[in-house]
Amino acid sequence: MSEVSLVQPKKVRKVSPGQVISQVLSYTIFILWAAITILPLFWMGYSSFKSNEELTRDTFAFPSTLFNAGDHKFRVIPLSLNVRVPAEFKDTIDDRVILESTSISPGRRLFVFYPLRSELPQEIANIQPGDIITGDQLHGSMERKIGWELFLYNYSNAFERGGLGFKFMNSLLYAGLSTFLIILFALMIGFAVSKLGMPKLSNAVTALVGVGYLISINSVIIPLYLMLSSIGLTDTRVGIILVYTAFGLPLATMLTSQFIKGLPDSLIESAYIDGASVWKMFTSIIVPMTTPVIVTAGIISALGIWNEFLLVLVLASSETTKSLPVGVYSFSSLTGTELGWQLAALVIAAAPAMIVYFAFNKRITQGVVGGAIKG
């Protein structure tokens, strides 16, 4: 007699009308919030490739002027019309033609090209001031070169005229070195208060860290400035890095100490029996096992320092110590009418932080949740 298997019917989960309405509202709010957040970033990204004339004429249209080198028009202008010749062209300027874009701020000499007459095609080799040519009338290599210069026009001006390259390196230095110091000190403090058996001192340190977390840079910016002025650390990279380290330490310490508390005490006891020093236990056990929270605290600290504005604005008076956000602010105030340059500068400042966040978003969540569970 063959066995007959009975298939149990699946239970159908009943969903109440209230649950349906709740889910629809939740997803609607989420989509609206995502659109409000993402659409301005998307607009900023593609608008950074638009000329100033395109931005003022049609704010939301996609870029075209800086993408069509072949259709781009150039007017031949004489040297006498307020033209600043680059140093590398001064010796041969008599053999060159000066071409200015007719659609990128014409008359302001913002996009000027200096080809040799001998490099021009034969049919336009004898062009004279006042004549107009298009990009597709040039040789292929010259047209491609102009195309790249048009494509990167806003970004090259943001770097060159705003000095954003040097300020970009300053921001990297501030974020990188401050984050390293924050993580190093946070791990040391977390190890000491969690595993070295000093309850009274641990409670005092934990209380101080909690108080430090409640204090923001903005609320004590004036006392900070006066204190650093008295010891000669205003307008210095060292002073800025020390302040960033001090104010980033409380959050990192709370994350690392909670994570280290969840590590087995037997690991530390075994290392102590084997004769390992405190430093050996720290470098061989604590640091390797706290990689998730190190990544989390490091990314949170670095992003906060990268985007910080007010501290450097107050403490840094020279261009050599300003960070990228302050550089973008200064550049925008100097080029109020060049909207494309300003948008390019904003993209330069925002892109690294966005890339790091989206690349390590899961690691940040895992580190925070892992620290909370272990704690």
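Including glycine, each Cβ sits where the backbone N, Cα and C put it.
All TrEMBL annotations are machine predictions without curation.
Taken from TrEMBL as is:
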- 168-360: domain 'ABC transmembrane type-1' (DOMAIN)
- 20-43: transmembrane segment (TRANSMEM)
- 172-193: transmembrane segment (TRANSMEM)
- 205-226: transmembrane segment (TRANSMEM)
- 238-260: transmembrane segment (TRANSMEM)
- 281-306: transmembrane segment (TRANSMEM)
- 339-360: transmembrane segment (TRANSMEM)
Taking the transmembrane segment (172-193) as reference, which of 20-43, 205-226, 238-260, 281-306, 339-360 has the most Cβ pairs under 8 angstroms? 238-260
Same chain only, please: residues at least 6 beyond the ends of the transmembrane segment (20-43) with a C-beta under 8 Å from a C-beta of the stretch. Say none if there are none. 60, 350, 354
Which stretch from 205-226, 238-260, 339-360 shares the most C-beta pairs under 8 Å with the transmembrane segment (281-306)? 238-260
